[in-house]
There are 2 protein chains.
Amino acid sequence: MDLERSPLAEPFPEMPPIAGVTVRVARARYKDWDRTDLTFVELDDGTAIAGVFTKNVCCSSEVEIGRENVRQGRARAIVVNAGNSNAFTGYRGREAVEQVSEQVAAQLACPKSEVFVSSTGVIGVPLPKDRARAGVEAALNASPCGWREATDTIGTTDTFAKAAHAAAMLGETRVEICGIIKGSGMIAPDMATMLGYIFTDARIAPSLLQEMLDRANAQTFSCITVDGDTSTSDTVLLAATGRAENPMIETWDDAGADALYAAIADVCRRLAHLVVRDGEGAQKFIEIAVAGATSDESARRIGLAIANSPLVKTAIAGEDANWGRVVMAVGKAGEPADRDRLSIGFGGVWAARQGQPVADYDEGPVAEHLKGRDIRVDVELGMGDGRATVWTCDLTHGYIAINADYRS
Amino acid sequence: MDLERSPLAEPFPEMPPIAGVTVRVARARYKDWDRTDLTFVELDDGTAIAGVFTKNVCCSSEVEIGRENVRQGRARAIVVNAGNSNAFTGYRGREAVEQVSEQVAAQLACPKSEVFVSSTGVIGVPLPKDRARAGVEAALNASPCGWREATDTIGTTDTFAKAAHAAAMLGETRVEICGIIKGSGMIAPDMATMLGYIFTDARIAPSLLQEMLDRANAQTFSCITVDGDTSTSDTVLLAATGRAENPMIETWDDAGADALYAAIADVCRRLAHLVVRDGEGAQKFIEIAVAGATSDESARRIGLAIANSPLVKTAIAGEDANWGRVVMAVGKAGEPADRDRLSIGFGGVWAARQGQPVADYDEGPVAEHLKGRDIRVDVELGMGDGRATVWTCDLTHGYIAINADYRS
């Protein structure tokens, strides 16, 4: 099935190399296709690593092992397989991951816990060990490539290549942050896997790097949804090579910590938005800002209840300012809310205030706003100071076409 | 928008009258239409009432008042307005409900707390008091009608009339249970309101009647979902007139209690199934049986996570035995599960056992099963004795057409 490029796609950005990061790609032929499908990222000795992983309890072996390995805080390599997710493959799947780790560890003379493996694609079929072995071998011997090739190689059903770059000044030292990501929802028989890899040349302690990723994740990747379904393989890794040689950052109080975090969070947010912009069948990018909740977490949950409501998503697809559906979604979120204090707006115009339609509501500008590609929904709960912003896309015939009409 | 009759529709059943229940309908003209839209049910003095209501915290005034009134356990009348849900209308909406209650209470010389009002239809517009007053007046003067007329009158976007009947023997006394229901999802700008009314001539104490409805509800109406969205007006009322004159049933240990409960639960289950069968765009009725969970409630939550997964629903729409999507939905439910103990089947054939594809899996009978209208999904968690069955429909282009393409 050939998917059309998302109408919400963005061009591939300028992405500088990151000192201490070498990327190579190879053809493992995990599927019967003529494209690179194995990405091998070599990281300089001493690179700090942080990771966040799917909360789906039926996660893949890659996620189980990666979650374990990330605790020791160092990485020498990342291998990404595209075309086979190796999920629901029992002990044979686990063996395949171990084989890849051992092969790379032997080559780099590092502990195998410093090799991180991700896989995305067909489920229920163990990653073929022979193809993985030959693919890794080919990658080890390949010439280094650029970010664009790597992004294309980790992709599966993506309709455009997704990457983001930011820089930060840590005192007098400039550091770079480059991130690539894949994910667009799920297509039979693949999983909706979101795999993201972010690299920086900043020097930072692994424990603080993990705190930064956790904090950024909470406001970015954890605030997006396409259809509310969660892949069993979702992974975001953040690697810091230290090659910029800034003074070591160990705590939030150290000079440069805030600037580095801001740039990392910026890259995470832009990558997260790109995934939504490639949501299956997406025609509109929707930002939902919730304020006045009893806490930030409550605001996030309410935002996601709205973002996951098929009735809200179809209303926006139909360019219908249906604030009643937003009220319904707020009410079903299971969070504190009061119908009679609730206000709902579209594109900066309040349609309902304090649980009632606005008396002199002018639908003109709202109707115009809803015809656009970028939609803004405001929700004011009037309960407290909690706030959150979440992002999603609309639910269209395209989603059904991709997920129901297409057969594996 | 004219909706086609659901391909999953069932014929209207034979429904006997219930002694002590008199039904009348009238034209209140809540919308610019030529149909009856106000249903007035008069109940004999001493009728016991029980009710369950939406958990949506942004509920309508009708729900707030009904939830309060049901505590005193007696009802003399039920009024159902179709065409205007009176939701999100603030104090003016509440005043309209009070007016209807007072008008009926004055006529029947009963406390207004014994009059129950429901409304379904357009949101954000207060129920017009003048039309409500004239409609109630017309209903009071109308000739009694049958169940079919009442069912048609409470309906809004339903594509077929939904009712169920059962009888029970309480010792030597035969009692009848008749239920009618409306609901099919939601259509802009209406809410997905499910309104159900069940009547019996059995004699039973209100407190036990409420326990029976709570118990039946937990296994029927609380186990169905069309799109996971919850109306702000959902209501099921159960009225028992006592005219069968069976020996009073006051506790679960009293003779006839079990038989009566079984018949009530049977009617609830059949009504619940009919709502799913009229799910927006539904082409297939899906039963999901979850066993081996750590508790029944955990099984129900897992079942609903599967039933609400757009990826599972679209896979079944596409007649694709995509067990990986079912595993994914189990994993995201937030309930105890273990990928490597999980088994998934379709139509009685296991596709995956203990987290891996079945070695000699024969897709033939499964593919045949998925071509049918009634789909069965089995999930065995291998964790404990908890079990639940939930029901849903598939997610099709029809759902998008109804909810996005149609504009209010």
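From the backbone N, Cα and C atoms, a Cβ is placed for every residue, glycine too.
Annotated in TrEMBL:
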- B:THR156, B:LYS182, B:THR193, B:GLU280, B:ASN403, B:SER408: substrate binding site (BINDING)
- B:THR193: active site, nucleophile (ACT_SITE)
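Sequence features annotated in TrEMBL and their locations in the structure.
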residue: B:THR156; record: substrate binding site; CB count, 10 Å: 22
residue: B:LYS182; record: substrate binding site; CB count, 10 Å: 27
residue: B:THR193; record: substrate binding site; CB count, 10 Å: 29
residue: B:GLU280; record: substrate binding site; CB count, 10 Å: 27
residue: B:ASN403; record: substrate binding site; CB count, 10 Å: 29
Filtered B:THR156, B:GLU280, B:ASN403 - binding-site residues with C-beta under 8 A from chain A: B:ASN403
Helix, strand or coil at B:ASN403 (substrate binding site) [DSSP, three-state]: helix
